Amino acid sequence: MATLVIGARTEVERRTVAGRPIGDRDGGRLLWIDAVRGGLALLVVLHHAGQPYGPGGDWPVLEAVRDSALGPFFAVNASFFMGLFFLISGAFLPGAYDRKGGAAFLRDRALRLGAPLLFFGLAVFGPIAFLEHRQEGGHRGFWGFFLQDYLGGRGVEIGHLWFLAHLLVYAVAYAAWRRVGGRRAASLGAGWPMPGNRALLLFALALATVTYAVRLRFPIDRWDRLLGVVPAEVAHLPQYAGLVVVGILAARGDWLRRFPTATGMAWLRVGLAAAGVRYAYALPFGDRLPSIFAEGGAGWRAALRSGWEALLCVGLCAGLLVLARERLERPGRAWRLLAENAYGVYVMHIWVVVALQFGLVGVGLPPLVKFALVSLAGIPLSIAVSALILRLPGARRLL
């Protein structure tokens, strides 16, 4: 029987490699997944680079002139990129728990996720919040504000590191599930059939339905604190939680390595088509197109937004993973550098980007030009900052 050549390996070779757990250090590590994470970190930098220059939510830098053309870019990104991060993170939970056991697994997550949260929440965002307090006319001293207002009142600010807080919550929940569920919990997903077009379509439909129901009360860009502690944009929680579960199932079923190429590429086209619908509003005639999306509440526009977002999310998550598997199995030097610094770039880029944006306040340039300048400078600088920090003793245990 002839073997089908896919990328640099035959289908037979791919099945052999598929026997190793995701993230195995003996050569089974999937470099293309690292490349996907690096690409997502890059997209996060671009997303934040554009915040002062397009429509959006709260941001430290305010620009009087904004360009609505960035709106589709923000909307498409928000529809899938953090969800794909969560899917990949979920896929690594079972293997990490298997290798380390419950106690060591939780210690590792507490160090890698909890330590940056504590450091930035207390030592960085705390003083920033105090400066904002004084700028707004507050008269408390630092320690009075820090202990009574920051820690005891409004809650600790963690900014873009909400993602780490959510990962920590999911890790604790997974460890509890494994502890309570025993062997049944450990084998969840093993032996399940590979999801096909019907399964992906049903998942997208379920995701759209739950998302619509949640957004009746929690529209996009509204942030709340779960249990009074963890900041969350509740409008996207169904996607995040759902994709963590998909990642866990994918780990046991080895779906990421075995998912059919043809199916993945078909769904990539679905995702790109859905993205194209939104990007049409950035074209010169976009202002003449009808308003068909709503960010929350009841009505057909909100339902259409939830359905569009679910199709885009499923399409791009499935499609980009397959595309990376086929094209980035042996990533080049630039992809490797980005992959090695993905976590560090995510954690540190915000300071680089905001500093560049402050430097352009008052400069008479169009918003899109400022966005381009911040992006072109922010990406290499963020990678450089991450690479320098990783040289510090013990830094690789955290980043």
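Using N, Cα and C of the backbone, Cβ positions are placed for all residues, glycine too.
Here TrEMBL flags 31-389 as domain 'Acyltransferase 3'.
Within its own chain, the transmembrane segment (69-93) has Cβ neighbours under 8 Å at 22-23, 33, 36-37, 40, 43-44, 46-47, 50, 53-56, 163, 166-167, 170-171, 174, 220, 236, 239-241, 243-248, 250-251, 256, 271, 275, 278-282, 286, 293, 308-309, 312-313, 316-317, 320-321, 367-368, 371, counting only residues six or more beyond its boundaries. Under the heading transmembrane segment, TrEMBL lists 69-93 (among others).
The transmembrane segment annotation in TrEMBL covers 113-131 (among others).
With a cut-off of 8 Å between Cβ atoms, the residues of this chain six or more beyond the transmembrane segment (158-177) that come close are 44, 48, 82, 85-86, 89-90, 93, 97, 102, 105-106, 109-110, 113-114, 116-117, 120-121, 125, 185, 226, 230-232, 240-241, 244, 248, 346-347, 350. The transmembrane segment annotation in TrEMBL covers 158-177 (among others).
Feature annotation from TrEMBL assigns transmembrane segment to 198-218 (among others). If you look at the transmembrane segment (198-218), the same-chain residues 6 or more away from its ends with a CB under 8 A from one of its CBs are 224, 234-239, 242, 246, 263, 267, 295-298, 302-303, 306-307, 309-311, 313-314, 318.
The transmembrane segment annotation in TrEMBL covers 238-255 (among others). Same-chain residues lying 6+ beyond the ends of the transmembrane segment (238-255) with a Cβ under 8 Å from its Cβ atoms: 18, 21-22, 82-84, 86-95, 166, 170, 174, 187-192, 194-195, 203, 206-207, 210-211, 214, 309-310, 313, 317.
Look at TrEMBL and you will find 267-286 (among others) tagged as transmembrane segment.
The transmembrane segment feature in TrEMBL is assigned to 306-324 (among others).
Per TrEMBL, transmembrane segment is recorded for 345-365 (among others).
Sequence annotations record features per position, and here TrEMBL assigns transmembrane segment to 371-390 (among others). A Cβ distance under 8 Å defines the sequence-distant neighbours of the transmembrane segment (371-390), meaning residues of its chain 6+ beyond its ends; these are 42, 45-46, 49-50, 53-54, 67, 70, 337-338, 340-341, 343-345, 347-349, 351-353, 356-357, 360, 365, 396, 399.
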Over the domain 'Acyltransferase 3' (31-389), work out the mean pLDDT and round it to an integer. 92
